[in-house]
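Undergrad: Here's a structure for you.
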Amino acid sequence: MGSRVSREDFEWVYTDQPHADRRREILAKYPEIKSLMKPDPNLIWIIIMMVLTQLGAFYIVKDLDWKWVIFGAYAFGSCINHSMTLAIHEIAHNAAFGNCKAMWNRWFGMFANLPIGIPYSISFKRYHMDHHRYLGADGVDVDIPTDFEGWFFCTAFRKFIWVILQPLFYAFRPLFINPKPITYLEVINTVAQVTFDILIYYFLGIKSLVYMLAASLLGLGLHPISGHFIAEHYMFLKGHETYSYYGPLNLLTFNVGYHNEHHDFPNIPGKSLPLVRKIAAEYYDNLPHYNSWIKVLYDFVMDDTISPYSRMKRHQKGEMVLE
């Protein structure tokens, strides 16, 4: 657990990301894929039910012993809250109401944010669009770890701690890599979230509030679903920047595992990404992919060739249009 990883820097590349070229090729060959570029109204009802489910859980845990509060937060609440962050990912791509009702998606994202306990839906949308446009761009893509993360988390034990602390790194990394001025929507998101948290504490008590926050922190840290954070873009095979996952946890995560398909077609809702793979099978079936996020987490910690430095990175090119 104490041996150091062999990598001491990111994988600097001087080619463009592969997704734009593959998208053009696939659309030229299979123009029917354009019919999948439409919102998924089922998202609305699924998310409403998820919020109501967590509200019910808040009520149930208010009188439980603390050990059951924490157990419930990890065994149940973490799955709901991590899934909700991926619902917010869908909303960030306007998958709920479509591009023509962009603001409806922003308000709905704030609603979906409520049971997570920490305001982030508006900020996530801003940074996530940069991640798609400028994948791996130095100083722009905040999905890339900082140099400190790559330098410090360089043993199996430290990488294990890094996995546990993932939600904190995702929360604070943008402040160091690509800080942005606060927008009025972020202020509204924060006020709405803090008000909701206060109401939960006032009407249901401290145990419900702790359950909500613990569900988010535990669910985004050392949790099977959190394998997607590493599986998506960490370079387990040299030269491959994005990886898909085709295992059963896609059922809980709005098909976020179909990540090559998602980066090729970010305006297609997760529900339809398996159809993209089916239609253009020759483009995806031979790409390296995963069937277990748990194995991804294990390999990340135990493999001495993999670390937070295992990301492909690019220097900025020309003038960038940021969110």
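Each residue's number is its place along the chain shown, starting with 1.
Glycine residues also receive a Cβ, built from the backbone N, Cα and C atoms like all the rest.
Fair warning: this is a prediction, and the values are worked out from it, not measured in the lab.
Just lifted these from Swiss-Prot, have a look:
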| type | residues | note |
| --- | --- | --- |
| LIPID | G2 | N-myristoyl glycine |
| MOD_RES | S307 | phosphoserine |
| MOTIF | 89-93 | motif 'Histidine box-1' |
| MOTIF | 128-132 | motif 'Histidine box-2' |
| MOTIF | 259-263 | motif 'Histidine box-3' |
| TRANSMEM | 41-61 | transmembrane segment |
| TRANSMEM | 68-88 | transmembrane segment |
| TRANSMEM | 102-122 | transmembrane segment |
| TRANSMEM | 152-172 | transmembrane segment |
| TRANSMEM | 184-204 | transmembrane segment |
| TRANSMEM | 209-229 | transmembrane segment |
Undergrad: For the residue listed as 'phosphoserine', what is the tally of other C-beta atoms lying within 10 angstroms of its C-beta?
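TA: Its Cβ has 28 other Cβ atoms within 10 Å.
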Undergrad: In the motif 'Histidine box-2' (128-132), how many residues does DSSP put in helix, strand and coil?
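TA: So the motif 'Histidine box-2' (128-132) is made up of 5 helix, 0 strand, 0 coil.
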Undergrad: Limited to the motif 'Histidine box-2' (128-132), I'd like the whole-number average of pLDDT.
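TA: A mean pLDDT of 97 is what the predicted model shows over the motif 'Histidine box-2' (128-132).
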Undergrad: Which bits of the chain, at least 6 residues beyond where the transmembrane segment (68-88) starts or stops, bring a Cβ under 8 A of a Cβ in it?
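TA: Residues packing against the transmembrane segment (68-88) from afar: 43, 46-47, 50-51, 53-54, 57, 60-61, 109, 112-113, 115-116, 120-121, 124, 207, 210-212, 214-216, 218-220, 223, 225-226, 252-254, 256, 270.
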Undergrad: Pull the DSSP breakdown for the motif 'Histidine box-1' (89-93) and write it out as helix, strand, coil residue counts.
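TA: Across the motif 'Histidine box-1' (89-93), DSSP assigns the residues as follows: 4 helix, 0 strand, 1 coil.
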Undergrad: DSSP on the motif 'Histidine box-3' (259-263): how many residues come out helix, how many strand, how many coil?
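TA: Per-class counts: 5 helix, 0 strand, 0 coil.
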Undergrad: Provide the three-state secondary structure of the residue listed as 'phosphoserine' computed with DSSP.
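TA: The three-state answer is coil.
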